[in-house]
Amino acid sequence: MSAKTAEATVAISGMTCAACALRIEKGLGKMEGVETANVNLALEKSTVVFDPTKTNIDDIRSKIESLGYGVVTDKVELNISGMTCAACSTRIEKGLNKTAGVLKANVNLAMETATVEYDSSQVSVTDIIQKVEKLGYQATRKEEGKEEEKVDRRQEEIKRQTRKFWISAILSLPLLWSMVSHFSFTSFIWLPEILMNPWVQLALATPVQFIIGAQFYVGAFKALRNKSANMDVLVALGTSAAYFYSLWVAINSIGAHGGHMLELYFETSAVLITLIVLGKLFEMKAKGRSSEAIRKLMGLQAKTAVVVRDGVEMTIPVEEVRLGDVVHVKPGDKVPVDGIVMEGQSAVDESMLTGESIPVDKAAGDTVIGATLNKNGFLKVQATKVGKETALAQIIKVVEEAQGTKAPIQRVADSISGIFVPIVVGIAILTFLIWYFFVIPGNFGEALEKAIAVLVIACPCALGLATPTSIMAGSGRAAELGILFKGGEHLETAHHLDTIVLDKTGTVTKGEPELTDVINIDIEEQELLSLVGAAEKNSEHPLAQAIVRGIADKGITLSDTGSFEAIPGFGIRATVAGKEVLVGTRRLLEKHQISYQAVSDTMLALERSGKTAMLAVVEGKLAGLIAVADTIKPTSKQAVQRMKAMGLTVIMMTGDNRQTAEAIAREAGIDHVIAEVLPEGKAAEVKKLQEQGKKVAMVGDGINDAPALATADVGMAIGTGTDVAMEAADITLMRGELTSVADAIEMSKLTIRNIKQNLFWALAYNTLGIPIAAIGFLAPWLAGAAMAFSSVSVVLNALRLQRVKL
């Protein structure tokens, strides 16, 4: 490798054979700037030597992905301490994103965390932490289940800042007294002569400046050492200017012997520090409240579990439960982990997961979810998911990740934060020069006071907190309502939606169809049902399962099945007792050139009544017609009406025939229907709507909905559906009702409106506040109070989202 080339190792997923490795090698080899590319199939890695002036690691990763393979990356979450404003978070983010091997870094000021996606072959977690520390901040790896420790640390910091505030307030109050008594409207206030002594004022101001204010000096030093500027720089500059100017006046007063002494500004520096500490204290408390949703979710978890090991029953911390352990759950106890009921019967309250207040009956073979409440029976549960794999842990993870990500709207604040402090310092210097040379020529004290006011009124904190606090509060409240946004980007996109596409089965309808009609032709009904039931029992389709349940309820014994093949969008083909059986749609029979005219009118009549009719063929001959019906969910019609009232176009899409689809749509109040769509065609239909300029949400619950969910601007998975659908979705609706779709969009609109309010306030405050301070309308201590208020007001406004009722 020459001095002008670089080498990178990329982990690759999706390779199945040597042909895959060769394809990647050839693809990479054709890239401009790539000298050699070697792919190791066994290690699933590619080593690429390239010219960094012509290509880069991002282009190499993109090329691998364009060839149809995945690039494996690692992700780490860090707790960051020492950030004071948006300039800090922006600096860390930029520093990490410039680090070799770091693919993407997001720093959240409100949560005091960083989420870093990286290539472990180029950089380690230790390297990332060291980078943060080099930038002047402290970083530790975020550990599972350590949220309580973080809360404890925050409480300790709040106590420490409270002590600092009271000490600072006690020392600053006499200085404030001496200042207020000088105003004409307060001349009646008695002022002890001793408080006018410059040395007494110096004695009161010095501890405030250098002990209480030490945190600002440390923060400013770290920022300047790394060639950046933050809020600490503004506070340190402003208060130091006031303090050291006053110290100079005090020293020069020695030997003045009654001559006129220049005005002192010790009260300015001391009161400023006091007010800023108070503002930070309020801000910390408010930020703590913004992560309340996570704490509530964590509070749902059981703390202990009763397990049986080696025949002995013992109580252990829930973290120590292992896969396969048998857990005893008594009446009134929480189910500690996800599992399968081995013995016992009970009713389990699953409202924390589904929102459904009626307890669900559980017996042997049924699944139970950790953190749900066992009501009245004793259960023995075998653990199938423990620790971070449980349903509740996954919910917490999704909420945490959503709160840690950025919405695109935050780019405005980020772009301003990076240059904010240097601009403010420049305006402060210009203010001083204008006042000193033109407004009140030669009056150093007055000019300095106006410059200090400019420095301390500027607030990059409000800008930095405007978006993340709203996202934390909004996504947290949404989680309480059973709506899981997977990121700030999806939360923002949802408020632009104008078209909602609903899958039929399991989304609009209950997804629990029942066998309603059987019409047999030239075959006994019992034999027809025996053959059809045997053929359908291997299918996972809800309609197939409904047929099998209905036949079992009739007490009919099912024949043995030989071969089985599911034909998506058509039906199934199976060999039963040596006979070929087909069950499916008209298209299936047309494909095999089998006539169904004998039952065509009957089939149409069943479909117009909202039933799904399927044709059965035995040994190449039409043998009968079987119909099932699926009723709409009780809340579907109300939810559709609400979505229409919000100005949304509601479309139902299904693979079912048009007659059945339109009957269901009419009942649910849906005006637009896309019917007879093959599973692979659902994504194409979504694409067509997008090409018409629509912002589309796809709502579904099945495996065949996953491509459409991924294609849509926003994919919403009904939480009672499959894991595949939830993985592909941007929003998961845990409660399985269409009302949650409207709730999710409403929550998105409220959150984005809240962010815009915060950004407007933060920008308007700085845009108006800085000029007002520059022209002398605000004393420095009032400017400091305004600055402290601006940050707190942004956080308090965001917290309003926690009380939203939909």
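Residue numbering: from 1, along the chain as shown.
Any Cβ shown, glycine's included, is placed from N, Cα and C.
Where the annotation comes from TrEMBL, it is an automatic prediction and has not been curated.
Per TrEMBL, the feature domain 'HMA' maps to 6-72 (among others). Per-class residue totals from DSSP over the domain 'HMA' (6-72), listed helix then strand then coil: 22 helix, 23 strand, 22 coil.
The helix, strand and coil residue counts that DSSP assigns across the domain 'HMA' (74-140) are 22 helix, 24 strand, 21 coil. What TrEMBL lists as domain 'HMA' is 74-140 (among others).
Sequence annotations record features per position, and here TrEMBL assigns transmembrane segment to 165-190 (among others).
If you look up TrEMBL, you'll see 202-221 (among others) marked as transmembrane segment.
Long-range contacts of the transmembrane segment (233-252) within the same chain: residues 198-199, 201-202, 205, 209, 213, 216-217, 219-220, 223-224, 261-266, 268-269, 272-273, 276, 421, 424-425, 428, 444-445, 448-449, 451-452, 455-456, 458, 780, each at least 6 residues beyond the stretch ends and with a Cβ under 8 Å from a Cβ of the stretch. As annotated by TrEMBL, transmembrane segment applies to 233-252 (among others).
Long-range Cβ contacts of the transmembrane segment (264-282) within its own chain (Cβ-Cβ under 8 Å, at least 6 residues beyond either end) map to 84, 158, 161-162, 164-165, 168-169, 171-172, 175-176, 178-179, 198, 201-202, 204-205, 208-209, 212-213, 216, 235, 238-240, 242-243, 245-246, 249-250, 445, 448-449, 452, 456, 779-781, 784-785, 787-789, 791-792. The transmembrane segment annotation in TrEMBL covers 264-282 (among others).
If one looks beyond the transmembrane segment (419-439) by at least 6 residues along the same chain, the residues whose Cβ comes under 8 Å of a Cβ in the stretch are 86-87, 229-231, 233-234, 237-238, 446-448, 450-452, 454-455, 458, 460, 463, 766, 770, 773-774, 776. According to TrEMBL, the transmembrane segment annotation covers 419-439 (among others).
With a cut-off of 8 Å between Cβ atoms, the residues of this chain six or more beyond the transmembrane segment (451-473) that come close are 84-90, 108-111, 230-231, 234-235, 237-239, 241-242, 265, 268, 272, 276, 283, 286-287, 290-291, 293, 402-403, 405-407, 409-410, 413, 416-417, 420-421, 424-425, 427-429, 431-432, 435, 488, 491, 751, 754-755, 758-759, 761-763, 765-766, 769-770, 772-774, 776, 778-780, 782-784, 786-787, 790-791, 793-795, 797-802. The transmembrane segment annotation in TrEMBL covers 451-473 (among others).
Among the features that TrEMBL reports, transmembrane segment is placed at 758-775 (among others).
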